[in-house]
């Protein structure tokens, strides 16, 4: 079995490194494509032995399982490009937030009457084999196709099959979840530094606290609230700290964050469906904006800003 990645960014690197570390796939059995062969993740993939190419069609030709690891709005253009190269043997796995199985199948059926499509949502901790992945199978994907993907993704963390209509919510929770955890950890470390701890030690203590708490929860059948209560002594330091969190709306902020991520995921699907702008146009628009902003900034600097004495 060979695996290909359309896109050679952070997700492709995380999965490729996870697969090779787990021993389920040798690096020479993996190929990734990117139009930018100078980006850092391309160099990182090359270092672990992954084959690289700037041509998406070459990745398709050398792959049995093909991961679409690009931004959602680019998916329609990628499918137009590679559709004619998709064969019966290919399992197309979309990792793009919000992009539905139906939208991918609709594109590919113009080239292949029964494309095997699987939609998944994973997260970056797959790089250390502690990821979370859910997947849903498409109209033409067989049971064994789903099992193959589950075997791959299960080698780099927890993996389970769900109904597709749950995947947007999963994106808001575990897909974006590592970013919530890193932000919380950064803030915890800042608190430690404020109270006198060295930065490196503060980060390590915070990370270990979160790791230990997660493991306690996964290894027990207790509700998170019960485990929280077990830490709080009457009149103690922890319950006073939790009062501060509750006063600041800590729970509501997390709930709202999950909701916001989920809603944005659905908006991304709408953008992908509209296909109103191509990747080349997006790149040109960004470059033009940078030039415009630079010119405006230079003008503002010369006309309105006096040099410091």
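The backbone N, Cα and C atoms fix where each Cβ goes, glycine too.
Quick look at what Swiss-Prot annotates:
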- 2: N-acetylserine (MOD_RES)
- 6-11, 34, 56, 69-72, 95-97: NADP(+) binding site (BINDING)
- 8, 10, 11, 34, 36, 56, 70, 71, 97, 230: NADPH binding site (BINDING)
- 164, 237, 238: L-proline binding site (BINDING)
- 278: phosphoserine (MOD_RES)
- 301: phosphoserine (MOD_RES)
Lowest local Cβ density among 8, 11, which the record lists as binding-site residues, within 10 Å: 11
Spatial separation of residue 71 (NADP(+) binding site) from residue 164 (L-proline binding site) - C-alpha basis, Å: 19
Separation of alpha carbons, residue 237 (L-proline binding site) and residue 69 (NADP(+) binding site) (Å): 45
Inter-residue C-alpha distance, residue 34 (NADP(+) binding site) and residue 11 (NADPH binding site) (nearest angstrom): 13
2, 36, 70, 237, 238 screened against residue 8 (NADP(+) binding site), Cα within 10 Å - retained recorded positions: 36, 70
For residue 36 (NADPH binding site): intrachain residues, at least 6 apart, with Cβ closer than 8 Å: 42
Neighbour tally for residue 10 (NADP(+) binding site), based on other Cβ positions within 10 Å of its Cβ: 14
Maximum Cα-Cα separation in Å among residues 164, 237, 238, which the record lists as binding L-proline: 44
Spatially closest candidate among 10, 70, 95, the listed binding-site residues, to residue 237 (L-proline binding site) (Cα to Cα): 10
Number of other Cβ atoms within 10 Å of the Cβ of residue 97 (NADP(+) binding site) across all protein chains: 23
Which listed residue (69, 237) has most other Cβ within 10 Å, given these are binding-site residues: 69
Distance in Å spanning the most remote Cα pair of 8, 10, 11, 34, 36, 56, 70, 71, 97, 230, given for NADPH: 53
Proximal residue to residue 11 (NADPH binding site) among recorded positions 2, 71, 95, 97, 238 (C-alpha distance): 95
